[in-house]
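Notes for the one structure printed next.
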Amino acid sequence: MTSLKLSVQIAWVHLVTKPKQTLIAMLGVTFGIGMFIAMVSMMTGLNDLTESLAMTSSPDIRIYHDVTTERKSIAEELNLNGITKVHHQKPKNESLKVRGAVKIAEQIRKHPLVKGASVLLNSQVFYNYGPVQLNGTIAGVDILEEDKLFDLKSKMKEGQIENLITNQDGILMGTGLAKKLSVRTGDRVVITTPQGFTKTLKIVGLFQMGIGAVDNVKSYANLGMVQTILEKEKSYITDVNVKLYDFKQAKAVAPEFQQAFGYKSEDWETANATMLLGVIIRNILTYSVAITLLIVAGFGIYNILSITIHNKMKDIAILKAMGFAGKDVKQIFMVQSLVIGFFGSLLGLLIGFVLSLLISRAPFDGGDFLSIEYLPVNFSSTYYMIGIVFGIVTTALAGYLPSRKAANIDPIEILRG
Amino acid sequence: MAVLKAHKISKYFYEPEKFQVLKEVDLSVDKGQFLALVGKSGCGKSTLMYVLSTMDTQYNGELEIAGTRLTDKHQNFLAGFRNKHIGFVFQFHYLLPEFTVLQNVMLPALKLGSKSKEEIEAKALEKLNILGMQEHARKMSSKLSGGQQQRVAIARALINDPDIIMGDEPTGNLDTYNSDLVFDIFSELTHTYKQTIIAVTHDESFAKRSDRVVEMSDGKIIHG
């Protein structure tokens, strides 16, 4: 029989003869790990949802003409040798048109990282239905190209995207906007452009991206029709949308396009910065709370082992007299803390899983902002791995100091009485 | 033949002030001897026994047990040595309360690890039988009376067939009946099994009946 096996047996007897104490120490770890799992699962679930919504509702890269970009003033251009400063520059009255947009899109499609590119025309409009008047946007698109990028077919709640092709004066409306206007498929709405042009359009379908910022304001229409109501020429395009094979490379690729075409090129992370900031803050919160819980559990274990060792001074002395070395005694108490840590963590994972399951079944109304019925929960095994590793490491650390104390106890001091 | 040889053992206490508790003590113990170490409180007899037991390593001089020089050896080596060569019986019996009688007796042998669990169990039962405790083997050790616990402690001390059994006031906490019992056991062990025993004691009747009485005073052996 090896020395370790004997240490494990003695440790085991210690644990089972004081079941209440063992259980309390274990529950400390269980609670810490369980809450960690539940919190991380919920937070990352929410983060993943936010990220995927940000992804589906906006292109990986959007190329447009940014009229607010800083430009050289005339004074600077004329006074080359002097020092000129123009304060509070007013944006130049420029057209939002992206020149040669179709050619740009063609070139972008040849890029090896690009999955697809489409051109569109975005404009602010008023939607009127009876007395209701709402501010929103309209996007003139080639609906089939748009579908390739955003998988619109799967987002349709009523009607089909092909209806737009057969019906030149049709529009596909966001569900949120339709609800606000209280219109249904087949109804006719009147739209008014900022220039005062008015046109009656027929709703041929409703889509839902799942994110209020889009569904509550946006409609799709045919490119040619939007060009007509804005009284613009056939080449008038305001945006080129780009989808990459790997959306994570958007930030790296975007400046490349800006350089090549001379138009503002914005990646999805920049466009959804506020939304993604929430992700970062939630992560910080989750991890700080989880780590605090585990540290508290660690102190609990330290405390209970310290008391155990204090109560077992005589036993430790007798073990040492009988020929157990300091390291054997240390082993006995390390085994105890590791058993507490392992089973406590394991139970914690189970409780964390059950909690996550309950959370994922809890009805939750995302309101206008997010269209979800239940809280999103991430069941990724990564967090369960982190949980058990962290649980065992904390308990090992919490057990080490008291164990070392036990190893260094001088038996004579105790045996002399 | 001497199983234990101590040469010029000196030891100091530094708290509360420097004090020489052992003054160049020489002692030689023969195999099969039942030795009682007596003296007044504070004469250094317990301190000497703990030096002889290898648990106290803070001393000057030379110590040899069963032909092995033990001075200046590492703690872990000494722990292993105690396990194999020395058995202990203390005043307050010191059984591990969470374990059964049998488990308590088996522990030092399991630690030594030179036999299978079955062999150790058979041997532990044999030792318990010598001490008349076999019927209590499966009981929790905390359920026994003081005298019974002390007999189990003796069985535990015997499990690895040690060269020496050391006792620190082994009868100090027992009534006359149990004291006599423990003494009879010690006598039988020395005479029947040639077991060497060194016991520190206050008990005069206990000392009188041993083979050899070593009396100490002021850190020196004054008799024996």
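From the backbone N, Cα and C atoms, a Cβ is placed for every residue, glycine too.
Because TrEMBL annotations are produced automatically, they should be read as predictions rather than curated entries.
Annotation comment: TrEMBL describes A:22-259 as domain 'MacB-like periplasmic core'. Sequence annotations record features per position, and here TrEMBL assigns transmembrane segment to A:23-46, A:284-305, A:338-362, A:382-401. Residues or ranges marked as domain 'ABC3 transporter permease C-terminal' in TrEMBL: A:288-411.
Counting Cβ pairs closer than 8 Å to the transmembrane segment (A:382-401), the top stretch among A:23-46, A:284-305, A:338-362 is A:338-362.
Sequence-distant contacts of the transmembrane segment (A:284-305) (same chain, at least 6 residues past either end, Cβ-Cβ under 8 Å): 21, 24-25, 28-29, 31-33, 35-36, 39-40, 43-44, 333, 336-337, 340-341, 344, 390-391, 394-395, 397-399, 401-403. Mean pLDDT for the domain 'ABC3 transporter permease C-terminal' (A:288-411) in the predicted structure: 84.
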